[in-house]
Amino acid sequence: MIILIDSGNSRLKVGWFDPDAPQAAREPAPVAFDNLDLDALGRWLATLPRRPQRALGVNVAGLARGQAIAATLRAGGCDIRWLRAQPLAMGLRNGYRNPDQLGADRWACMVGVLARQPSVHPPLLVASFGTATTLDTIGPDNVFPGGLILPGPAMMRGALAHGTAHLPLADGLVADYPIDTHQAIASGIAAAQAGAIVRQWLAGRQRYGQAPEIYVAGGGWPEVRQEAERLLAVTGAAFGATPRPTYLDSPVLDGLAALAAHGAPTA
């Protein structure tokens, strides 16, 4: 059994992959903890049906957090290997000028999405809504040409509340023409997030001559889903397309499992 670790800025998401089980079994459902609650990680390890042999993970929460997670795993008899983005792995070719500068979580997420695809597939747009929102494209040739990073919905809301004198930590409904401050902030955040998806969908369509399939993930997606789907529908209609995002619960863990299963480069 191999433990899979996605250490994000806010949450620690964990699962497992068992290459020795029939059909290379996965966890029934991934589990998420606050990234500061390593006691919860230790308790989860104690519930596993088999003692893990090792762990594979990606960590964007800093060196100290990675060391603390590694210590918790070691206490359970399991060493972890933290992965970094590679120039080429599982067919995904990394187009970053410096390939290892690409966030390991973004890379593993794209690997996970690509692992779901047949050999011939359309362009793919992978949007993850966490502390930061990232939007990454994979071409039909399996090349990642680049992507966007912007503040996630919660960070946008917090920045307005803490960086200004009078704006609240907003909790309002999204509207075309907001009529109070809470609505105005909520609508602005949803518009920014949805607009980024539409921008990259249009860019992919122009670059590849066909509409990208959209995959979404992350805890911030429910907040922006309605506005994103509305703008995508309006935009797609102009091209005779109906873009419908597919939600994935744990594409980073899926990518780690694929890398573990196929022995792909992970140094």
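Including glycine, each Cβ sits where the backbone N, Cα and C put it.
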Per Swiss-Prot, member of Thr47, Thr72, Thr131 binding ATP alongside Asp6, Ser7, Gly8, Asn9, Ser10, Arg11, Leu12, Lys13: Thr131
Among Gly103, Ala104, Asp105, which are recorded as recorded positions, the nearest neighbour of Gly8 (ATP binding site) by Cα: Asp105
From binding-site residues Asp6, Ser10, Leu12, Thr131, the one whose Cα lies nearest Ala104 (substrate binding site): Asp6
Neighbour tally for Gly8 (ATP binding site), based on other Cβ positions within 10 Å of its Cβ: 22
Euclidean distance between Cα atoms of Arg106 (substrate binding site) and Leu12 (ATP binding site), Å: 15
